[in-house]
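Okay, structure first, notes after.
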Amino acid sequence: MKLYIAAALLTLGLAAPITETESHSIASRGSFSCPGGLINSSPMCCSVNVLGLLALDCRNVGPDGCVGSSKPNCCTLGTAGQGLICNEM
């Protein structure tokens, strides 16, 4: 049963991949937006992304985008400094 849950979460994390050219254009603008819907719709700046399932040290995107060592992520759920099911931009 746990394997099915893990497989479902991994599938959701990979559902909306972003191409390399989109990633560069987003980074050059300094800010980004996430696709609408239920999955990966919350923009966050996170320092660590573990296999697209869990992102650590996350915070909301500031007016200048992500600064320092944090990278832009689109997360399904973000709470208490962590993001769940995140795609790194």
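Yeah, the Cβs are placed from backbone N, Cα and C, and that goes for glycine too.
Following the DSSP three-state reduction, the secondary structure of CYS74 (disulfide bond) is strand. As annotated by Swiss-Prot, disulfide bond applies to CYS34-CYS74 (among others), with the evidence given as similarity to another entry.
Feature annotation from Swiss-Prot assigns disulfide bond to CYS45-CYS66 (among others). On its own chain, CYS66 (disulfide bond) has CYS45, PRO72 as residues at least 6 apart in sequence with a Cβ closer than 8 Å to its own Cβ.
The disulfide bond feature in Swiss-Prot is assigned to CYS46-CYS58 (among others); the stated evidence is similarity to another entry. Within 10 Å of the C-beta of CYS46 (disulfide bond) we count 25 further C-beta atoms, all protein chains included.
The feature disulfide bond is assigned by Swiss-Prot to CYS75-CYS86 (among others). The secondary structure of CYS86 (disulfide bond), as reduced to three states from DSSP, is extended strand. Cβ-based neighbour count (10 Å, all protein chains) for CYS86 (disulfide bond) stands at 30.
What Swiss-Prot records for 1-15 is signal peptide.
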The answer, for which of the disulfide-bonded residues CYS34, CYS45, CYS75 has its Cβ ringed by the most other Cβ atoms inside 10 Å, is CYS75
In all the protein chains shown, the tally of other Cβ atoms within 10 Å of the Cβ of CYS74 (disulfide bond) is 24
